[in-house]
Amino acid sequence: MDLQQQPLFRQKALVAGQWCDADNAEKTPIFNPATQELIGYVPNMGRAETERAIEAAYASWEMWKTKTAKERSALLKKWYDLILLNLDVLAEILTTEQGKPFNEAKGEIIYAASFIEWFAEEAKRIYGDIIPSPYPDARIVVNKQPIGVVAAITPWNFPAAMITRKVAPALAAGCPCIVKPAPETPFTALALADLAIQAGIPAEIMSVVTGDAAQIGDAIFASDHVRKFTFTGSTPIGKLLLEKSAKTLKKVSLELGGNAPFIVFDDADIEAAVEGALIAKFRNAGQTCVCVNRFLVQSGVYEKFIQVFKAKIESLKIGNGLEAGSEIGPLINAQAVAKVQSHIEDALSKNGRLITGGQVHATGELFFEPTLIADANTEMMVATQETFGPLAAIFKFDTEQQAIQMANDTEFGLAAYCYTRDLGRAWRMSEQLEYGMVGINKGLISNEVAPFGGIKHSGLGREGSKYGIEDYLEIKYTLFGGL
C-alpha cells in the first residue's frame with residue numbers, strides 16, 4: 001500500500017490538542033532502513049512546543065482525572081478496538097520505518113494493544129485500604145490518586161508496544177501524557193495517537209512531540225507540572241535522565257540495557273532449547289532489550305547444541321520486512337552494524353570459533369547475517385557489552401554453580417533464560433539468577449499480565465501487570481478524627 005495515501009500516516013506532531021508543524025517550520029526526514037528510501041518528514045520541534053504540550057496536559061488534568069474509572073476504561077477499550085481494526089496498516093507503517101518483518105510487526109501491534117486492554121480493566125481496580133485505627137475516635141483511610149502529567153521517551157526497537165505500555169496505565173490512572181518517540185520511528189507513535197483521538201480520548205490528553213531530543217528533554221525536566229517520567233533505552237542515557245529528573249524530584253521508571261544469559265543444562269530438551277534460542281536471540285534481528293547476549297551451555301551438550309543451533313540459524317530468511325517469508329530484517333542504522341562487526345572481530349581475535357555468519361548480507365548494507373561464535377570467554381566484549389544485533393556467542397560451563405556465577409557476573413539484571421528438565425534446578429535457578437525476569441524452558445516471556453522490568457543497572461520500576469499502574473499513582477492517607 002502507498003503510505004502517503006493512508007489517513008493514519010501523519011507527518012505533523014500532536015501538540016496541545018492540535019496537529020501542527022514546528023514553530024520554525026523545520027522538518028526531519030525519516031528513512032526506511034531496508035531500502036534507504038525516504039518515507040516522509042516529521043516536525044523538528046523543540047522547547048517551546050514541548051512547554052505548550054505540558055501546559056495543555058496540566059490544564060486538562062482536572063477534566064481527565066475526574067472522569068470515572070469506568071469512563072476512562074470505556075475510552076481505552078475503544079482505542080484497543082480501533083488498533084486491532086487497523087492492524088495491517090499499523091504493521092506496515094512500523095515495518096517501513098523500523099525494518100522488522102511484517103509478521104513480527106503485526107505481533108508487536110497486537111502486543112501493544114494488549115496493554116491498552118489490560119489497563120482499561122485495571123482502571124476499575126485501583127483500590128485503597130481501610131486500616132484499623134489505634135485511636136477509638138478516629139478512622140484511617142488510604143486511597144490512590146493519579147500522580148499528574150506524565151512524560152515518556154520511547155525507543156525505536158518497539159515503537160508501538162513501548163508507547164502503549166507507558167501511556168495505557170497513565171491514562172487508566174487519570175494522568176495526561178506527553179510522548180517523545182524515537183527519531184527513527186515517529187510515524188507509529190503518531191498513528192497510535194490518531195486512533196486514540198478517534199476513540200474519543202481528548203486530544204490535549206496525549207501529545208506526541210517529535211524533534212530535538214535535548215530541547216524536548218530540557219522542557220520536560222525543568223517543569224514542575226511533569227510529575228512522572230518514564231524511559232526505555234540504554235543504561236548510560238537512562239542514568240543521565242535520572243540525574244536530570246532529580247532537579248524537580250520526578251517519580252521515575254527506567255527500562256534499560258541488558259546482558260541476558262541463556263543457560264542450557266545437559267538434561268535440557270535440546271530441540272526445545274534451540275527453538276527458544278532462535279526467538280530469544282534473533283527476534284527483531286537481535287535488537288531487543290531482553291535479547292540473549294550470552295549462551296551458557298553445559299559441556300555435555302555443548303557441541304550438540306552448537307550443531308543444531310547452526311542448522312536452524314542457516315535456515316533463517318533474511319530480507320526486507322515487507323517481503324513474504326522474511327524472518328530477519330535490517331539493523332536500524334550503520335552504527336548498529338558497526339557494533340556487531342566490532343564484537344565479532346573482537347571475539348575472533350580472542351580465540352572465538354566462527355560457526356556461521358559474520359558478514360554484512362548481500363541484501364543491503366544494514367542487513368547482517370545471523371552469526372554464531374563458539375568458545376566465547378569473559379575477555380571478549382560480548383561478555384560484558386550488549387551487542388543489540390544478530391550475534392550469538394556460546395560459552396561453556398561444567399557445573400550449576402559455575403553457570404550461576406557466570407550468569408550473574410554482569411552489572412545488568414533484566415532478563416535471563418534457563419533450559420532444564422530438573423524441577424529442583426529450575427526453582428534454584430529462578431531464585432539465584434539476579435534478574436528481574438527469568439524464563440524457564442521458554443524463550444519468549446513478555447506479555448501484558450506479567451511485570452516487566454529489571455534490577456541492578458537494568459532499571460527501576462515495573463511495566464505491565466497489576467503492578468504497572470502503581471507508578472502512575474500517589475498514595476494518600478487520611479485520618480478522620482472526632483468520631
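The backbone N, Cα and C atoms fix where each Cβ goes, and this holds for glycine too.
Swiss-Prot lists W156, N157, K180, P181, A182, P183, G233, S234, E386 as binding NAD(+), and of L256, L354, L423 the one it places in that same site is L256.
Fewest other C-beta atoms within 10 angstroms, among the recorded positions G233, E255, L256, are seen around G233. Pairwise Cα distances among W156, N157, K180, P181, A182, P183, G233, S234, L256, E386, which the record gives as the binders of NAD(+), peak at 24 Å. In terms of C-alpha distance, the listed binding-site residues W156, K180, G233 place G233 closest to C289 (active site, nucleophile). Sequence-distant neighbours of K180 (NAD(+) binding site) (same chain, six or more apart, CB under 8 Å from its CB) are T50, A151, A152, I153, T154, V208, V209, T210, A213, I216, G217, I220, listed in sequence order.
In this view, C289 (active site, nucleophile) is surrounded by 26 other Cβ atoms within 10 Å of its Cβ, with every protein chain counted. Taking CA atoms as the reference points, W156 (NAD(+) binding site) and E255 (active site, proton acceptor) are 14 Å apart.
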